[in-house]
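Report on the structure given below.
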Amino acid sequence: MTQRSIAGPICNLKFVTLLVALSSELPFLGAGVQLQDNGYNGLLIAINPQVPENQNLISNIKEMITEASFYLFNATKRRVFFRNIKILIPATWKANNNSKIKQESYEKANVIVTDWYGAHGDDPYTLQYRGCGKEGKYIHFTPNFLLNDNLTAGYGSRGRVFVHEWAHLRWGVFDEYNNDKPFYINGQNQIKVTRCSSDITGIFVCEKGPCPQENCIISKLFKEGCTFIYNSTQNATASIMFMQSLSSVVEFCNASTHNQEAPNLQNQMCSLRSAWDVITDSADFHHSFPMNGTELPPPPTFSLVQAGDKVVCLVLDVSSKMAEADRLLQLQQAAEFYLMQIVEIHTFVGIASFDSKGEIRAQLHQINSNDDRKLLVSYLPTTVSAKTDISICSGLKKGFEVVEKLNGKAYGSVMILVTSGDDKLLGNCLPTVLSSGSTIHSIALGSSAAPNLEELSRLTGGLKFFVPDISNSNSMIDAFSRISSGTGDIFQQHIQLESTGENVKPHHQLKNTVTVDNTVGNDTMFLVTWQASGPPEIILFDPDGRKYYTNNFITNLTFRTASLWIPGTAKPGHWTYTLNNTHHSLQALKVTVTSRASNSAVPPATVEAFVERDSLHFPHPVMIYANVKQGFYPILNATVTATVEPETGDPVTLRLLDDGAGADVIKNDGIYSRYFFSFAANGRYSLKVHVNHSPSISTPAHSIPGSHAMYVPGYTANGNIQMNAPRKSVGRNEEERKWGFSRVSSGGSFSVLGVPAGPHPDVFPPCKIIDLEAVKVEEELTLSWTAPGEDFDQGQATSYEIRMSKSLQNIQDDFNNAILVNTSKRNPQQAGIREIFTFSPQISTNGPEHQPNGETHESHRIYVAIRAMDRNSLQSAVSNIAQAPLFIPPNSDPVPARDYLILKGVLTAMGLIGIICLIIVVTHHTLSRKKRADKKENGTKLL
């Protein structure tokens, strides 16, 4: 065993021990929302810089969370409440003695407050991109939702809405309503409303008012325009995930109240489990118990934090390791690019370096012009030292000294740490790092970088990157491109349009086209880098055919970069570049193109790449995601490709999909996903995503994705229908996309351990089928689903196993003993292809079916599930359970449900009351006429 392999585990053990010792600090330093003693600490709510200043927003947020805390406490049976909340005030608002931020930023917020950019909707929603029981990304409220009290009529009180969304975000449960399928036929052949619980009552309403249920039915389906209006007064106490606006609703659907037959997303995504079952299975509930007594918890405490000056320090490794594999050259090129193009104006920037000791190279300098940028570039290192040992802690110490010169503390500052060496004493400065209030972004170069380097980023909420020693990799520049101010102001941040590199032979060329769409174009820059002594021949064509040559670029021969800034707004369209290698040997030529938004009212299309977990153990796959959107609207049908670079070996490319199958949970939400499991060896992997958008194919969605709080159109109260104001349109105007667009984003890095050396047996099964659907046509049942692969969502599975039952509980609890459907003639197709399979279920489902409890009842529904098998007999998990009505004779109409019987009784009673009232009125009128006649007659007699 080598000295390094012995020292590594010892160092890691010391590092872990130190982390445990400092664990009390973690809830407040980069660890996100933590549950301690039944209370949530660290919830971060951030207001976007584009939101106009309004102090009522802050007071309403406080009221919302305070109400939500008590509502959540009771709904979870005295389990959890909100204790400490931070509200991040944008720097664009006036400073009111708010605390200075530490590691908080808009991009890390659990809740964001911002408009939808051009839309008029106010739906609160949570972006969920993972499966059942998994945390979401963020909750989104519009300022209007938080300020306009009229909206509470449709959504319910803001505190109740927040609890609905919190359950999405924290516990990964889904909505129990379905606007697309508001009605269904249950197992007793009754027409039911999609809801949870089934005890919630109301009446059917046609386009012109109340109507009998049968007027809503055409061919046993509900007529378009027929809806169900809920009673404002209910006895049902569930469910928060259905209609939190009802005053009686105070809990989540549990095993006794959950409606397993309703065609909603909760049933589909969570295999018919109740919301409460999923919630109680969460880590929060495994580590907490109900509070004793009857007292309520204390109300939440709020702290307002606000960003000040943006402060960045580059902390750069200059040890002898940086001389290997052109690492210093790559660092110089990327750092120059960052200083000249990426870092935002008015930012304070300093530079420190380190080998075995630290050194300050440049004190803080505010960027107000290009001259300021050039001055900072001049301080970048040009040589490496002869020292092989490094001290990352010494470098960080100098970095803190630099940033503390401004305000005496490092609060809110950013460190960009770049290193290729191992530091076994890295844990020594961990307390200083944790207490600094600084965010550390780490960039590891090559395979010898400190194995614990990423912990600095993880604990401070920073990003993690890896740059392999591959000559044509552009990962270093991609990493610096990904690092933004974190303010959430997309109009001030750069957008990466292109990033590519190739090893080009002598007298050969690198040629490609990049699209500048009409949402970007300001501050557009083309960057070319090379390895040889002189630049390649550069030819660039704009969309009008104008040519730019090498002499039009600003060249830095020391760093081997050539940059071209397009004045004003770059012309939209296709820009074509050609790089000719005029050198006598092969060299890596690379191109990077960035731009900024061209219109402050129109957000640019963006892509954010990330992984589900950044550290895992073989054979667990990596889930790769790319969120492609414009503003908050998803962009559909784009071509999204992930490139994964290992420490050793060739890069792997993978097409990401938004098809609602395999790794992709929700179809057409703009989040493209895929499993990655092609692990070459243990170590770090770098991720980058390319997006290409064809105007003839790709389209922006017309609605915001995510799990939305239900907007109730109206209620019935005392026999009267009271309609709410129509829900505002959440659609968007279609914009001309003549050229499409291209985008690039680094997804950071991830690491994998436990990868076997050499060939290993197949350990990857087909992925779970999550989109099984069943449709009954006459006497046949047609199933459809997306084909899984031989390995997860790639390749081709070997066989399918389809089973069915008339008992939901049977197929849910005992799939292996449900009725087997003959699929011998059905061979799986390639992963991603839509499968369709039709069969007749009658021969196996005649007569009543015995239930697990020994009872029997006649069921009019069939439940079906499926799993796939690969050639090595590895099985997927059982799919979601699909359901459909059995064959119903023509004279067997659906039985009116209780809601209709209630309505019929009400209408009958109202009719009887009306008849009685009519009799009374007629009798009264007759008697009155008779009295008047008698008086007239008596008067005549007196005269």
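Including glycine, each Cβ sits where the backbone N, Cα and C put it.
Taken straight from Swiss-Prot:
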- Glu165: active site (ACT_SITE)
- His164, His168, Asp175: Zn(2+) binding site (BINDING)
- 311-483: domain 'VWFA' (DOMAIN)
- Asn74: N-linked glycosylation site (CARBOHYD)
- Asn150: N-linked glycosylation site (CARBOHYD)
- Asn231: N-linked glycosylation site (CARBOHYD)
- Asn522: N-linked glycosylation site (CARBOHYD)
- Asn822: N-linked glycosylation site (CARBOHYD)
- 54-205: region 'Metalloprotease domain' (REGION)
- 1-31: signal peptide (SIGNAL)
- 32-901: topological domain 'Extracellular' (TOPO_DOM)
- 923-943: topological domain 'Cytoplasmic' (TOPO_DOM)
Rounded Cα-Cα span from Asn231 (N-linked glycosylation site) to Asp175 (Zn(2+) binding site), Å: 20
Cβ neighbour count within 10 Å of Asn231 (N-linked glycosylation site): 19
Fewest other Cβ within 10 angstroms of its own Cβ, chosen from the glycosylation sites Asn522, Asn822: Asn822
From recorded positions Asn74, His164, Glu165, Asn231, the one whose Cα lies nearest Asn522 (N-linked glycosylation site): Glu165
Reduced DSSP assignment, Asn822 (N-linked glycosylation site): coil
Near-site residues: Zn(2+), ref His164, His168, Asp175, CB cutoff 8 A to centroid: Thr126, Glu165, Ala167, Val173, Phe174, Met241, Ser707, His708, Ala709
Per DSSP, three-state class assigned to Asp175 (Zn(2+) binding site): coil
Site of maximum Cβ density within 10 Å, from binding-site residues His164, His168: His164
Overall pLDDT of the domain 'VWFA' (311-483), taken as the mean: 97
His164 (Zn(2+) binding site) versus glycosylation sites Asn74, Asn231, Asn822 - nearest by Cα: Asn74
Around the Cβ of Asn74 (N-linked glycosylation site), the count of other Cβ atoms that are within 10 Å: 14
Spatial neighbours, same chain, of the residue listed as 'active site' - Cβ under 8 Å, 6+ residues apart: Pro124, Tyr125, Thr126, Ile139, Ser707, Ala709
For Asn150 (N-linked glycosylation site), the number of other Cβ atoms found within 10 Å of its own Cβ: 9
Cα-nearest neighbour of Asn150 (N-linked glycosylation site) within the listed glycosylation sites, Asn74, Asn231, Asn822: Asn231
Count of other CB atoms lying within 10 Å of the CB belonging to Asp175 (Zn(2+) binding site): 24
